[in-house]
Amino acid sequence: MLYDPLAWFTWACIFLGAACVWLQPPRWSMHATLLLACGYTAATLDLLLSWEALAILAVLFIAGCAVQPRRHPSLRFCGHAIYVATAVALSIHVLPGFDNPMVINAMRTTPDAAPFTMYLNLDKPLAGFWIVLALPWMACRRFWRQAFPATGLALALAVPICMILAVALGMVHWAPKIPPYSLIWILNNLLLVCVAEEAFFRGYVQGGLSRLLGNGELARNGAWILSAVLFGFAHYAGGWRWMLLAGVAGLAYGLAYRRGGLRAAVLTHFGLNAVHFFFFTYPALQMPPTQ
């Protein structure tokens, strides 16, 4: 991949497209769609996508057409149901047709850390891109002057609470470092992981439930808490400690979303992940083998 010009073009387009989805500059929708289309076309030419993946892209396109505001309510419901089922399958990597390239293979950030493997995923981010591009109400109506204070407040709460909890649970300890693969980790975590997860859990679940239930305080709080609980359950593969930690972090991301929109939620999520990556054991301490 390092010396493959087509791979460089693929990921440059996808990263820039993801940045447009998140930052939403002027005419962002057209720019994001064009960049992502170029990136996924190049991925197909590079044999990272097969016909099954193209069929899934077609399903997402059909679902996006079905959920537009002027469609019949039953058609919109079917579109959302198709999307949710597809998004869950994409997020757990069970759909065929995607050959996600491995860029970090079982490396240890510190001697006592568990091995860390990282892929540049082509499947999971599609669920986040769909939300922002297909749903008109996801267009950011918050200014950066709202996003930055919201991010600062959420991080001021999330960093000490989550990291102290992680240390107390025996998951990490203080371990400042700058790994040699930091740049690719930053690009992947910010533009693929955080954008996709926040678009779904905060934008789609929290924002969608708030719209569905009404914008009263009870509805907003219920949507906020439920999105955090679901975010915690989404980390079931790591065990109950990761689920607890993710749920607590999800409350902070939801607070950022309420005050500063998707931009703030993504910044908060990435900020906490970056503190974890650069200053503590990553991804976690190596657990002793069970007898």
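The backbone N, Cα and C atoms fix where each Cβ goes, glycine too.
Annotation source TrEMBL lists domain 'CAAX prenyl protease 2/Lysostaphin resistance protein A-like' at 181-275.
What TrEMBL lists as transmembrane segment is 47-67 (among others).
Under the heading transmembrane segment, TrEMBL lists 79-98 (among others). Same-chain residues lying 6+ beyond the ends of the transmembrane segment (79-98) with a Cβ under 8 Å from its Cβ atoms: 48-56, 59-60, 62-67, 71, 121-124, 126-127, 130, 134, 196, 200, 234.
Residues 11, 14, 17-18, 21, 24, 29, 32-33, 36, 40, 43, 48-49, 53, 56-57, 60, 63-64, 67-69, 83, 86-87, 90-91, 93, 95, 98-104, 181, 184-185, 188, 192, 195-200, 203-204, 207, 211, 261-263 of the same chain lie 6+ residues outside the transmembrane segment (118-140) yet bring a C-beta within less than 8 angstroms of a C-beta in it. Among the features that TrEMBL reports, transmembrane segment is placed at 118-140 (among others).
The annotation transmembrane segment is assigned in TrEMBL to 152-175 (among others).
As annotated by TrEMBL, transmembrane segment applies to 181-205 (among others). Within the chain, the transmembrane segment (181-205) has long-range Cβ neighbours (under 8 A, six or more residues past its boundaries) at 14-15, 18-19, 21-22, 87, 91, 103-104, 107, 118, 120-121, 124-125, 127-129, 131-132, 135, 138, 223, 226-227, 230-231, 234, 250, 253-254, 257, 262, 265-266, 269-270, 273-274, 277-278.
The transmembrane segment feature in TrEMBL is assigned to 217-234 (among others).
Under the heading transmembrane segment, TrEMBL lists 240-257 (among others). Within the chain, the transmembrane segment (240-257) has long-range Cβ neighbours (under 8 A, six or more residues past its boundaries) at 150-151, 153-155, 157-158, 161-162, 165-166, 169, 171, 198, 201-203, 206-207, 224-225, 227-234, 264-265, 267-269, 272.
Marked as transmembrane segment by TrEMBL: 264-285 (among others). For the transmembrane segment (264-285), the list of distant contacts is 22, 109-110, 112-114, 116, 142, 146-148, 150-151, 154-155, 158-159, 162-163, 166-167, 170-179, 182, 185-186, 189-190, 193-195, 197-198, 202-203, 249, 252-254, 256-257: same-chain residues at least six beyond its ends, Cβ to Cβ under 8 Å.
In terms of DSSP secondary structure, the domain 'CAAX prenyl protease 2/Lysostaphin resistance protein A-like' (181-275) contains 88 helix, 0 strand, 7 coil.
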